[in-house]
Structure formats: structure tokens, C-alpha cells
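*Asks:* For 40-61, 73-95, 138-156, 177-198, 204-230, 242-263, 283-308, 320-337, 343-365, the entry in TrEMBL reads transmembrane segment.
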Amino acid sequence: MKRNFMFQILAAFILAIIVGIIFGERATIIQPLGDLFLRLIKFIIVPLILSTIVVGVTNAGSIKKIGNLGGKAIGYFLVTSFIAIALGLFAGFVFQPGAGVDLAVQGEAVDASETEGVIATLLNIIPTNPVEALTTGAVLQIIFFAIFLGIGISLVGKKALPVQQFFEGLSEVMYKITSIVMKLVPLGIFGLLAPIVGTYGPSVLMPLIKVIIAMVVAVIVHVSLVYSAAVKTFGKMNPYHFFKGIFPAASVAFATCSSSGTLPVTMKNTQENLGVSKGTSSFVLPLGATINMDGTAIYQGIAVMFIAQYFGVELTMAQILIVALMGTLASIGAAGVPGAGLIMLTMVLTAVNLPLEGIALIAGIDRILDMLRTSVNIIGDASACVVVEGGKPEMAVKKGA
């Protein structure tokens with residue numbers, strides 16, 4: 001099914017280019033198809049963010065039953081995710097994949113001079129009125145509210161169970177709605193990309209090659225430096241032994257682009273090749289599949305820089321900080337969302353007021369990028385197992401080992 005869907009996206013991408021070349025500016029007649037898709041994406045964002053993050057936090061709240069193991073794992077995931085998106089932003093700055101195109105932006109982007117400073121940006125993450133944040137679609141404020149709501153539900157316990165069940169039900173409903181909307185991705189790509197190619201010519205697609213190069217370099221740096229340092233310093237394991245042991249799972253992830261589908265192989269590799277206890281791997285790996293998205297974080301950073309450069313928008317330090325925070329915090333619970341990479345990118349672009357039309361451009365090479373980011377996610381989950389168990393073996397969950 002996923003292979004067929006990726007074929008549909010590729011076909012829509014190619015067809016949009018052909019239509020744009022043949023019909024030129026007349027291709028703008030199909031722009032409403034793209035606008036329809038963008039409105040549907042915006043339509044699901046707020047309830048999806050709220051429900052998935054609340055559920056993600058409440059589920060993580062059960063880690064107190066296992067002790068410091070869960071706390072260390074979550075802390076490790078958040079730190080590496082922040083490093084990953086910072087690396088993605090840096091790679092986008094160095095490679096400048098979208099530079100030289102400078103398309104006109106029609107009302108979506110905000111003038112950099114009007115953007116708030118860093119301190120004001122940090123303060124504005126805290127909503128004075130959560131209801132207002134929900135109605136206006138203030139993404140960072142919604143994330144902040146959802147995280148604290150999830151923490152509150154976890155602390156209250158049984159009395160808050162109806163509230164938790166409500167959000168679990170809402171998240172399932174939003175997963176289903178998101179799945180329906182994601183089926184329209186090929187139509188959205190066609191409706192958004194054909195007018196761009198028709199107006200500016202096929203040369204506007206050349207920067208996508210630089211996006212792939214930037215992604216490959218950033219992934220290699222993150223895996224070889226961050227994970228190597230982590231498993232050696234905290235996991236007391238030779239990095240060569242680690243990468244050799246997890247290579248089969250990473251290969252499956254690269255081929256299938258599915259973290260959940262790779263989970264049995266990842267568990268087998270971490271237990272048999274890396275010596276991680278069954279108890280630790282059975283807890284940390286599913287948790288990582290829920291909140292650890294280092295590969296996606298790298299992708300977010302590069303994609304945001306690409307789209308900003310592509311449309312001639314100069315990001316301020318405050319906007320870059322928002323991207324870093326969004327890429328880290330929005331990963332909580334988002335891994336289980338259909339089309340998580342696209343949904344998270346939409347969240348980030350919305351938060352910094354960048355044109356959502358950029359999604360259509362990068363979606364054409366998403367399969368290649370997905371192979372890379374899924375592999376990184378799997379390697380990151382395995383490194384967390386090694387770090388958590390290697391640092392303080394007595395904290396490992398021995399039950400079932």
C-alpha cells in the first residue's frame with residue numbers, strides 16, 4: 001500500500017512538471033486543487049497537535065513505574081532531537097539549497113523586521129489564554145498547553161482517567177481523519193506544483209538536488225558523531241561494534257521506510273548483537289518509536305531553510321529558535337501520525353509563517369529523504385538502549401530479560 005502511495009506521489013510530481021511546461025502560466029487554473037489540500041492540512045493541525053501530544057505525555061507518564069530508565073530515555077531523545085534539528089538548520093545554511101531562486105511570496109511570509117525578538121518569542125510560548133491559542137492556531141502555545149495538560153493528567157492519576165480516555169479517543173479520530181487527508185497528497189502536489197512550474201519554468205526544481213545532498217551530509221554527521229560519542233561515552237561501547245550490530249535493522253528501515261515495521265528486527269539486533277536486556281529494549285524501543293524522530297528533525301531543519309531561501313525569506317534568530325523548539329517538542333506523539341514528516345513540516349512552516357506551497361516541492365523527493373530519516377530514527381532508538389543500560393546497568397529493567 002505504501003509503495004503504491006509513493007508511486008502516486010511520484011506520478012503526481014512528474015505530471016505536474018509536464019503540465020506546467022506544456023501550459024505555462026495557464027496551469028494556474030488548477031491552483032484551487034492545491035489550495036483545497038492546504039486548507040485540509042490546516043484544518044487538522046490544531047486538534048491533531050493537542051490530542052497526540054497530550055496522549056504522548058500521558059503515556060510517557062507511566063514511566064515512573066519503571067523509574068529512572070524512562071526518564072533517561074526521554075531526556076536522551078529530547079537532547080538528540082534538538083541537536084538533530086540544529087544540525088539540519090546548519091546544513092541548510094551551509095548548502096543554501098534554495099538560494100538563487102527567490103520566488104515572490106504572496107502574503108504567507110512575514111517580514112523579518114517585524115518578527116519579535118528571542119526573549120519575546122520564548123515568553124510568548126506560554127499562552128495567557130489556552131482557548132485563544134487553540135482558536136487562533138498558535139502552534140507553540142498549543143504544544144506548551146498540551147504538554148502541561150498531559151503532565152497534569154499523569155499526576156492526578158485515576159481521577160483524570162476520563163480526561164485521558166477522551167484525548168486517546170480524540171487522537172484515534174484524528175489519526176483516521178489524517179489518513180483520509182493524506183490520501184489527497186498526490187492531488188495537492190499536482191495542484192500546487194504545476195502552477196509554480198508553469199509560472200517560473202522547470203529550472204525551479206534544480207535546488208532539490210542540493211536538498212538531498214544536504215540531507216545525506218547531515219545524516220552522516222549526526223550518526224557518526226552524535227551517536228558514536230553517546231554510545232562510547234555513556235554506553236561504554238565501541239562505536240564500530242554498535243553500528244555493525246544495528247546495521248541489519250537500519251538496512252530494513254532504509255528499504256521499508258517504516259519504523260514500526262522494523263521494530264521486531266531492531267529488538268532482535270539490540271538484544272542479540274548489542275547485548276541489551278530484553279526488558280530495556282522492549283521498553284525503550286517502543287517509546288522511541290513514539291517520541292524519537294532525529295531523522296525527521298534533521299529533515300525539518302533542512303526543509304525549512306530550503307523553503308525560506310526558495311521564497312526569498314530571511315529567517316530571524318527568533319524564527320530559527322521557534323523551528324528548533326518545534327522540531328523537538330512536536331515529535332512527542334507525532335511519530336504515530338500518518339504522514340508524520342509532512343504534518344510536522346506543516347506545523348513548523350505555520351509557526352514561522354513560511355509558504356505551505358513549499359511542501360509540494362519537497363514532497364517529490366520525500367521517498368529518498370524518508371529512507372534516510374527512518375534509518376536515523378532506528379539507529380537513534382538503538383543508541384538510546386545502549387546509553388540507558390550501559391551508563392547504569394542496575395537501572396535496566398531485568399524483568400523478562
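Each residue, glycine too, has its Cβ placed from N, Cα and C.
Quick one: how deep are these features, and who are their neighbours?
*Replies:* Panel annotation: around the transmembrane segment (138-156), residues 45-46, 49-50, 53-58, 60-62, 124-127, 130, 132, 163-164, 167, 322, 325-326, 329-330, 332, 347, 350-351 of the same chain, lying at least six beyond its termini, place a Cβ under 8 Å from a Cβ of the stretch.
Residues 2, 223, 227-228, 231, 235, 269-270, 273-274, 285-286, 289, 335, 367, 370-372, 374-375, 377-379, 381-383, 386 of the same chain, all 6+ positions outside the transmembrane segment (242-263), place their C-beta atoms under 8 angstroms from a C-beta of that stretch.
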*Asks:* Could you pull out which residues elsewhere in the chain have a CB under 8 Å from any CB of the transmembrane segment (177-198), counting only those six or more residues past its ends?
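*Replies:* Counting only partners 6 or more residues beyond its ends, the transmembrane segment (177-198) has Cβ contacts under 8 Å with 5, 8-9, 11-13, 15-17, 19-21, 23-28, 30-38, 40-41, 43-44, 48, 103, 204-205, 337-339, 342-343, 357, 359-361, 363-364.
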*Asks:* For the transmembrane segment (283-308), I need the partner stretch with the highest count of C-beta pairs below 8 angstroms, choosing only from 40-61, 73-95, 204-230, 343-365.
*Replies:* 73-95
*Asks:* When you scan the chain for residues with a C-beta under 8 Å from the transmembrane segment (40-61), skipping those not six or more beyond its ends, what do you find?
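*Replies:* Cβ under 8 Å, 6 or more out: 70, 74, 134, 137, 139, 142-143, 145-147, 149-151, 153-155, 164, 167-168, 170-171, 173-174, 177-178, 181, 184, 188, 287, 290-291, 329-330, 332-334, 336-337, 342-343, 346-347, 350, 356, 359.
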